[in-house]
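Feature list (source: TrEMBL):
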type	residues	note
TRANSMEM	15-36	transmembrane segment
TRANSMEM	56-75	transmembrane segment
TRANSMEM	111-130	transmembrane segment
TRANSMEM	192-213	transmembrane segment
Amino acid sequence: MNIAIIRNSIVQKALIALSGLFLLAFLLFHLGGNFLLLGTPGQYNQLAQALEHWGWIFHGLELALLVALIMHIWLTIHIRRQQKQLAPKNLHLRQQHSWAGDWVVNSTSRLMVVTGPMILVFLILHLQQFRFHPGERNLEQLVYQLLQKPGWLAVYELALLPVGWHLAHGFGSSFQSLGLGHHKITPFLPRWSQILSVIIILGYALIPLVIYLQSP
C-alpha cells in the first residue's frame, strides 16, 4: 500500500476525531444551556441574548461549528470510499480474519455512516425551527410550544437514537485516531464512550419529556 495514502488516512482520521470532539464539546454546552428551560422562566432567553451580545465571537463560533460539521461529514465519506477502493479483492485474504470480527467492524462502520446523515437531517430541521425561525426570537416560548405537541416530542426523542449510537462509538475511537490510546486505558475507552453517550442522551431526552408533562 502507498505510504502517502496511509499518511493521508492518518491525518484525515485525526481531523475527523478533532472535529468530532469539538462538536461533542458543543453538545455538552448546549445540554447545559437546555437545562435552564427547567429552571426559572426567562433564564433560557437570557442565555440566548447574552450569547448574541458576543457579536462576532458568537458568529465566529457558529462558523467554526459549521466548518467542523462539514469537515467531519466530508472526510468520513472520503475515508469510507478509500477503504472500499483499497479493500482486499482476494477472498483468501479476507478469510484470514475472523468472520465475527469482520462482521462487528463492518456493521459498526456502516452504522456510523448511516447515523451521520440521519443526524444531519435532524440538525437541519432543528436549526430551521429555532435558529432561523422568522419573527420575534422568544426561544423559550418556541421550545415549549413545539415540545408540548406529542408528535414533535416523539421526533425529538427518536432523533436521539442515532446521536447516541454515533457518540457511543465515536468518542472512544477519536482517542485512538489521535494516537492517545494507552494499553492501560484503551480497553476501557469503549465502556467510557458508552457511559458518556448514555449520560448525554438521557439528559437530552429528559428535558423534552419534562416540558411535555408540564403541558396543560
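Just so it is clear, glycine is given a Cβ too, placed from its N, Cα and C backbone atoms.
Keep in mind that this is a model prediction, so the values were computed, not measured.
Across 15-36, 111-130, 192-213, the stretch most heavily in contact with the transmembrane segment (56-75), judged by Cβ pairs under 8 Å, is 15-36. With a cut-off of 8 Å between Cβ atoms, the residues of this chain six or more beyond the transmembrane segment (111-130) that come close are 69, 73, 76-77, 80, 139, 142-143, 146, 155, 159, 162-163, 165-166, 169-170. With a cut-off of 8 Å between Cβ atoms, the residues of this chain six or more beyond the transmembrane segment (192-213) that come close are 27-28, 31, 34-35, 37-38, 143-144, 147-148, 150, 153, 156-157, 160, 163-165, 167-173.
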